[in-house]
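The Mg(2+) binding site annotation in Swiss-Prot covers Asp486, Asp492, and the record cites sequence analysis as its basis. The feature domain 'KH' is assigned by Swiss-Prot to 553-614, with sequence analysis given as support. The domain 'S1 motif' annotation in Swiss-Prot covers 624-692.
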Amino acid sequence: MTFNEKCVEAQVGNMNVKISTGKMAKQASGAVVISSGDTMVLVTVVGTKEAKPGQDFFPLTVNYTEKTYAGGKIPGSFFKREGRPSEDETLICRLIDRPIRPLFPESYLCDTQVMATVISAEEDHDPAILSMIGASAALMISDIPFEGPIAGVKVGRVDGKLIANPSAEQLKLSDLEIVVAAGKDAIFMVEGEADFVSEEDLLEAVFFAKDAVQGILAAQEELARQVGVAKREVAPLVVDEALKAKVKALAFDRIAQAFKIKAKQERYAAVAQIKEEVVAALAEEFEGRDKEIKGFIGDIEYDRMRHDVLETGIRIDGRDTKTVRPIAIEAGLLPRAHGSTLFTRGETQVLAAATLGTSQDEQRMDSLYGEYRKKFMLHYNFPPFSVGETSFRLAPGRREIGHGMLAERAISAILPNHDDFPYTIRIVAETLESNGSSSMATVCGGCLSLMDAGVPVKAPVAGIAMGLIKEGEKVAILTDILGDEDHLGDMDFKVAGSADGVTALQMDIKIGGVSKEIMQQALKQAKEGRLHILGKMAQCLAAPREEMSAFAPRITTIWIKPDRIRDVIGTGGKTIRSITEATGVMIDIDSDNSGKINIASSDKAACDAAIQMIRGLTDEVEEGKLYMGTVKKIMEFGAFVEVLPGTDGLVHISELDETRVKNVTDILNEGDKVLVKCIGVDKQGKIKLSRKAALGQSLEEKD
């Protein structure tokens, strides 16, 4: 059997990308295998032929799955098969989804599913980037209407040089890591993190990415021409102009009045009442068309908000385009948490709590390339009461995972070096109220909770969300957007960073991309807003607290010779267990065989006792050093003195005193404490001690 396989390829930075179709999954609407190096991803798209009756939204589903066989592994779960998506898989789903979602015609409402399955994986060739390109390519060759192509690319920077799709080793040296989705003429999505990079440098990186994908965009168009599948006809949305006119006559002026209400819940209640009354007024003439009527009122809301901002520069809550909402901050309000902050910005409020732990609290993560551990975690929660709603809640959804990761990236850049501050850190952000930009409030509250916990952060960071309203040549960029401005606007651009530069950003576009000039202005306004917020944060906490919470563990680091680690552990872990049971501390021995040991306890005396026990097991007797020992055995020729636990040496009778000693027992007896000096260790490891050499000295003087 032969396959009618078609193939294109193009260079995207460090990756030579090959896209083929016609061999696998031929019953899908569109299917490609996209590869680079040893990484291969099967991307399929399927769109139903007709929309469901009454369908009024676009049901797009994106799934991304990493098969463990792709990395030559067997799943570690009890059932030995892939289960629910990991956090990384969920985040990559969002990367694929966000840039393609705005590129379907408004009238296309058929069920559509994109599935990206990693079937072979190599670390230097990122399957996430290939999946983004593959999703666009599969849509391009299908009959599904799609206004692409788009392509994704990862950008790093090493020694000031921008690199498209850097290798894993290059990323370790890079001071930025962003993923950009772009088309021929515009940017559709940006997401990533940086080490205090300037806005100008970020803008350069974003448009460097746009240039880098032009070859693979052309390759997708060529593949679509080779396949030659015609796009299906999609009828434009049928609008009942008579009904629309009657709805406008009844609702337009009332919506305009409702939009003067600044409080979110009151405004929502007023709009809801208008909808119910208009539906009731038209019920007899237009029976059963409630959803359509409410849709027309939604269109009025959309037009009203946008018109007011573009024509007057005044927003729903009365602000101009550059003003940040009022901010209130309270730190240290949870007495038992290691650090806590209540951050309120307008009608958005986040309670952030920081907890410090040991290496035993690190999160074990499994990937196609092996296991790794996370020392910093940020978990974002969005309960329904934060927007005055009810719902059944189980695990965090894609949105919560995505918002949490964005805030985690923003804060990770300011964390101290782990060798200097060897704690595992977890921040939990509880969204208590939401009216836009709760993820950026999480950055602010999360940073302050670390400072309240006494974590020596490099610099405070804050976050702000920017919006866009664009009608033709008229453009308004909005600082610190509300929920309505996010919903009814054209862009959600979140930027986080310190006074010195950006640490994380995320941009989603609902229109056909944005220009360099718009991004430049948005970044400029974002910096102004960020500096304002940092000033407010400094009024609450200008620097990390000097003392950690009394309830946080204290970690002390000591170093021993690597070949003595076995003495601390003991047979089957017996020795280390006995130390932890005797003192109540937690002991962590670095797995890299460096000899580094962390001892954690909130009780300093217990920590000191554990250190003394470990030192006793691992310290070696040094020539010329004083020891306070215990006489273990008396012999005619001298006394054996234990100077370290399990380690003794001989004090020869001639070394007992400056004068001649006839009997050892004239000077020492078993059980006596005696100060001795090591005067030598022979080749067999036998230790020679002297009481005589230690006379007139003390341990304090020696130290």
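First residue shown is number 1, and so on along the chain.
Each Cβ is built from the backbone N, Cα and C atoms, and glycine gets one as well.
Contacts of Asp486 (Mg(2+) binding site) defined by a Cβ separation under 8 A and a same-chain sequence distance of 6+ are given as Gly436, Ala465, Gly467, Asp492, in order along the sequence. Mapped onto three states, the DSSP output places Asp486 (Mg(2+) binding site) in helix. Secondary structure by DSSP for the domain 'S1 motif' (624-692): 7 helix, 36 strand, 26 coil. The Cβ neighbour count for Asp492 (Mg(2+) binding site), using a 10 Å radius and every protein chain shown, is 22.
Under DSSP, the residues of the domain 'KH' (553-614) split into helix, strand and coil as follows: 32 helix, 16 strand, 14 coil. Secondary structure from DSSP puts Asp492 (Mg(2+) binding site) in a beta strand.
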